[in-house]
Protein chains: 4
Amino acid sequence: MQILDEKSLKRVIQVRPLNSHKGNFGKILTVGGTRQYGGAIIMSTSAAIHAGAGLVSCASSPLNLTALHTIVPEAMFIDSTVAKELRQAVAAADVIVIGPGLGTSAHSLEILSTVLQSTHKEQFLIIDGSAITLLADNRELLALLHGLQVVFTPHQMEWQRLSGIQISAQTNAQNLHVQQALKATVVLKKYQTVIYHLDGSIAQLKTGGPYMATGGMGDTLTGIIAAFLGQFHTSTPEQVVDAAVYIHSAIAAELSRSRYVVLPTDIIGKLQEFMLHALK
Amino acid sequence: MQILDEKSLKRVIQVRPLNSHKGNFGKILTVGGTRQYGGAIIMSTSAAIHAGAGLVSCASSPLNLTALHTIVPEAMFIDSTVAKELRQAVAAADVIVIGPGLGTSAHSLEILSTVLQSTHKEQFLIIDGSAITLLADNRELLALLHGLQVVFTPHQMEWQRLSGIQISAQTNAQNLHVQQALKATVVLKKYQTVIYHLDGSIAQLKTGGPYMATGGMGDTLTGIIAAFLGQFHTSTPEQVVDAAVYIHSAIAAELSRSRYVVLPTDIIGKLQEFMLHALK
Amino acid sequence: MQILDEKSLKRVIQVRPLNSHKGNFGKILTVGGTRQYGGAIIMSTSAAIHAGAGLVSCASSPLNLTALHTIVPEAMFIDSTVAKELRQAVAAADVIVIGPGLGTSAHSLEILSTVLQSTHKEQFLIIDGSAITLLADNRELLALLHGLQVVFTPHQMEWQRLSGIQISAQTNAQNLHVQQALKATVVLKKYQTVIYHLDGSIAQLKTGGPYMATGGMGDTLTGIIAAFLGQFHTSTPEQVVDAAVYIHSAIAAELSRSRYVVLPTDIIGKLQEFMLHALK
Amino acid sequence: MQILDEKSLKRVIQVRPLNSHKGNFGKILTVGGTRQYGGAIIMSTSAAIHAGAGLVSCASSPLNLTALHTIVPEAMFIDSTVAKELRQAVAAADVIVIGPGLGTSAHSLEILSTVLQSTHKEQFLIIDGSAITLLADNRELLALLHGLQVVFTPHQMEWQRLSGIQISAQTNAQNLHVQQALKATVVLKKYQTVIYHLDGSIAQLKTGGPYMATGGMGDTLTGIIAAFLGQFHTSTPEQVVDAAVYIHSAIAAELSRSRYVVLPTDIIGKLQEFMLHALK
């Protein structure tokens with residue numbers, strides 16, 4: 001088992017080629033954010049933009065339009081309640097995040113189905129939060145993942161729902177067994193997060209700490225993973241996911257030197273600077 | 001009578017256990033914010049998040065949804081006009097704040113009743129501002145507080161309404177008499193705020209000053225008390241309330257060295273840093 | 001003619017009495033902000049809060065509610081389209097600002113009339129921008145100003161409309177003549193702004209410069225004048241208006257050392273710090 | 001071919017005359033921003049304000065009103081869905097930006113037509129983004145540009161659509177040929193942006209880099225060009241456009257020393273300071 005460290009980040013973050021444009025750094029689509037959880041998808045979107053994605057669209061409820069534009073005017077907006085608009089946005093993306101603040105209503109399920117039906121195998125699909133719960137409760141949808149490049153980012157309870165493994169029984173062996181059957185990368189978020197890769201390798205995070213125990217942390221991580229998958233093409237997807245998971249906690253660790261708790265928006269605000277440091 | 005000082009804070013703020021998660025640091029629900037006073041509940045909510053609460057939901061009018069998400073995307077939103085939604089949110093919380101910007105209309109009273117009926121004795125309930133005025137004017141509701149863990153945070157006029165003691169007659173002896181009958185903690189906000197505890201002890205604030213004399217200060221305090229009650233379990237509730245009241249004014253005192261008036265949002269912005277200092 | 005300088009500010013800004021509360025520092029009501037000019041009333045309101053006002057309410061179109069709360073959650077909101085609500089808010093205020101972003105529609109005129117009819121002689125009334133134009137075009141309203149404590153803050157074209165004096169003919173003698181007949185303070189905003197006081201004295205600004213030539217500067221000034229009139233009771237209103245006009249430009253001058261243009265929101269952000277410096 | 005450098009900026013940015021007012025520094029109107037791309041027009045507007053424009057109005061969908069006012073309360077708002085309101089705003093402006101986030105719907109085309117029909121030859125008209133695509137697809141509109149002072153700011157694909165020159169064939173000679181026929185300035189945005197001037201001269205940017213490869217960069221540039229054309233009257237329009245293009249990338253280059261990617265809003269935040277440095 002590999003321990004994530006600064007080298008995990010440095011091997012992924014590269015000096016950008018001089019003659020490049022925003023199309024080279026990924027078109028990201030984030031999908032989620034009901035009335036109750038609008039902030040979740042906004043944080044995911046803002047994280048993707050600050051982590052260097054070329055173009056980022058956020059598909060959400062129109063209720064979240066103004067807060068999104070105010071926090072991060074660089075983002076574009078898609079009305080997730082209009083299936084046709086959502087399908088077109090999915091088709092145009094390189095990386096899709098589904099789940100932050102999506103909720104578990106019938107309407108949430110419809111959005112998830114639309115996204116899964118529209119995703120194709122050249123794209124990366126990051127499945128987070130309530131989208132994982134919805135999949136666990138509607139297992140017929142799992143067939144739609146067949147052949148797709150999927151990254152799941154569950155916390156332990158969500159992983160229990162999806163994998164059927166009780167939290168207390170979530171050993172690496174058990175987790176790997178189910179993850180390999182899912183043919184997806186699994187980022188299991190917990191104290192010392194573990195990543196189960198497609199090739200059967202395991203990576204573990206020793207960075208970060210309890211100053212990160214606040215709502216929205218996971219949402220922010222999804223945006224970083226998406227931005228990294230969209231822009232770093234000289235590393236394997238395994239290495240890219242490792243780097244994204246590491247930087248999220250490494251920034252928090254750095255910020256914890258000056259604050260008791262670290263908020264997700266604090267981490268977002270430091271991404272640009274921290275990514276530059278990784279080049280040095 | 002005890003004078004609050006840095007020790008009041010240091011004995012409460014603890015290094016977080018390594019293996020902890022957001023569930024360990026409290027689920028907070030803030031309730032309030034009509035069209036006229038939306039900022040009040042937003043400041044309470046933002047204070048709770050910056051003071052380290054694990055998960056914070058804000059139950060308010062849908063008119064305040066966008067400003068809430070923009071100021072603090074880490075917060076979740078509950079529509080306080082839907083009684084069922086509000087009841088469920090109250091049931092799920094560890095600590096509830098009711099009152100900031102709630103107003104005193106018939107609809108405000110309905111929201112207050114719903115909250116009081118749904119709160120149970122394992123939870124902490126912080127009652128502030130217009131919720132205190134509503135209780136004073138609808139004294140039959142006081143019966144619903146029976147057995148609950150209540151913290152009142154009145155200013156002197158609100159305390160007059162609730163206690164029946166004229167401001168000029170608000171001596172410690174008189175206040176303690178009524179507070180003990182109420183079986184609730186009372187944080188009486190004034191020049192040199194006094195806290196009347198359940199065990200009959202009294203604590204007084206000597207920190208802070210007239211640079212804090214601006215609207216929204218009390219709203220911010222409620223969020224800090226809530227976050228502290230939700231996360232610091234190794235101290236008594238008395239000690240936790242003391243610490244919250246102290247840090248609110250101690251930050252203001254520190255900030256007053258660089259500004260003529262200190263705004264509530266200034267205090268919120270310094271909570272994370274100041275809490276860390278208390279560990280040192 | 002007196003030249004405004006640092007002494008004009010230092011004699012007004014006082015150390016606050018220890019035992020004071022927000023009621024001692026003024027209840028301000030700002031009125032204005034149509035759909036087209038919402039930012040104007042928000043900047044006036046935000047300036048009043050940062051300049052130390054105790055309590056600030058903003059009466060505007062509901063379209064501006066969310067932007068107001070997001071920029072300055074310390075402010076309270078009044079729906080200016082509801083005459084009864086507006087009348088009550090005017091009655092409860094110590095200082096009223098009318099005009100920033102008010103517009104000149106029939107509805108704007110109605111709001112102005114309501115405010116003028118509800119203002120009484122213990123209050124200060126600051127009349128700015130389109131409210132001045134409306135008064136010039138509806139001179140029967142001038143009778144409502146009789147006995148009120150009024151401060152006009154026109155730029156030269158607005159003063160031409162109100163006074164009937166062409167810009168090229170606006171000498172001190174001419175201006176003073178009309179101003180004395182109006183029985184109001186006039187802050188004539190221009191290169192080296194001139195203040196005509198009730199007692200016939202004249203003060204002139206030599207501070208500030210063309211880095212302030214940007215929209216919203218005048219709106220911001222109204223909020224500062226209001227906050228100062230609401231809180232500094234040991235100086236005469238003449239001295240207080242002088243101090244407010246001076247600090248607005250003195251902050252801009254200071255900021256111009258690090259930027260080519262100074263925005264109104266930049267000035268608002270420095271008020272708290274600059275007011276403290278005036279004590280030293 | 002001239003290479004843009006610091007001298008290109010220094011010859012344009014001037015010390016402002018002491019006795020000047022906001023009317024001297026340009027009335028700017030920005031037009032664009034559908035539901036999907038609201039952030040684009042907000043960034044253009046905010047850039048214009050931070051780059052020193054005297055007065056800036058933003059004509060957009062009412063959906064973008066609140067985000068606009070929150071991000072930059074100095075801006076005024078025009079409802080672009082009301083043709084009469086839009087026409088009046090165009091008539092009152094010195095410089096018009098059309099295109100950021102405008103979209104390519106039938107309604108977008110209508111807005112473009114209204115703007116082109118209302119613009120007169122004393123004004124500058126900056127045509128960006130989807131407005132270029134709309135012109136390419138509705139070539140009968142090109143006749144409306146006759147006699148107007150137009151600056152096009154296409155990226156390479158938009159230029160291909162407008163000029164008919166495939167990206168791979170976009171040599172200076174070819175580009176100049178079409179640009180001269182269009183009788184408009186063309187800022188061709190790409191790695192090392194090239195500017196084709198009315199007098200047949202060519203300027204090229206060597207500053208900036210791939211840290212700018214993120215959505216919204218071009219929108220921000222339009223606001224800077226507009227503000228510069230509105231305020232710097234002692235230089236030729238050629239020199240002014242050169243300076244605006246240069247400062248946009250020069251700020252990004254400076255910021256890239258502390259961050260891996262530079263966001264459009266980062267650049268906006270540095271305009272005031274950077275413009276002052278150009279005086280030194």
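One-based numbering along the chain as shown.
Note that Cβ sites are derived from N, Cα and C of the backbone, with glycine treated the same way.
Curation plays no part in TrEMBL annotations; they are all automatic predictions.
DSSP assigns C:Asp219 ((6S)-NADPHX binding site) to a helical segment in the three-state reduction. If you look up TrEMBL, you'll see C:Ala40, C:Gly101, C:His155, C:Asp219 marked as (6S)-NADPHX binding site.
The AMP binding site feature in TrEMBL is assigned to C:Lys189, C:Lys190, C:Tyr191, C:Gln192, C:Thr193, C:Gly218. DSSP assigns C:Thr193 (AMP binding site) to coil in the three-state reduction, outside any helix or strand. Under 8 Å, Cβ to Cβ, and six or more positions away along its own chain, C:Thr193 (AMP binding site) finds C:Val187, C:Gln204, C:Leu205, C:Gly208, C:Val245, C:Ser249.
The domain 'YjeF C-terminal' feature in TrEMBL is assigned to C:5-278.
Around C:His155 ((6S)-NADPHX binding site), a 10 Å sphere centred on its CB holds 21 further CB atoms from the protein chains shown.
Taken residue by residue with DSSP, C:His155 ((6S)-NADPHX binding site) is part of a strand.
For C:Lys190 (AMP binding site), the binding-site residues whose C-alpha atoms fall inside a 10 Å radius of its own C-alpha are C:His155, out of C:Ala40, C:Gly101, C:His155, C:Asp219.
The binding-site residues listed here are C:Lys189, C:Lys190; among them, C:Lys189 has the most other Cβ atoms within 10 Å of its own Cβ. Long-range C-beta contacts of C:Gly218 (AMP binding site), restricted to its own chain and to partners at least six residues apart, with a cutoff below 8 Å, comprise C:Pro100, C:Asp128, C:Gly129, C:Thr153, C:His155, C:Lys189. Residues C:Lys189, C:Lys190, C:Tyr191, C:Gln192, C:Thr193, C:Gly218 make up the record's AMP site, and a Cβ search at 8 Å around their centroid adds C:His155, C:Gln156, C:Leu188, C:Val194, C:Leu205, C:Gly208 from the same chain. Of C:Lys189, C:Thr193, C:Gly218, C:Asp219, listed as binding-site residues, none is near chain D by the criterion of a Cβ under 8 Å from one of its Cβ atoms. Note: the Cα of C:Tyr191 (AMP binding site) and the Cα of C:Asp219 ((6S)-NADPHX binding site) are spaced 17 Å from each other. Between the C-alpha atoms of C:Gln192 (AMP binding site) and C:Asp219 ((6S)-NADPHX binding site), the distance comes to 17 Å. Once the Cα atoms of C:Ala40, C:Gly101, C:His155, C:Asp219, the listed binders of (6S)-NADPHX, are compared pairwise, the greatest separation found is 15 Å.
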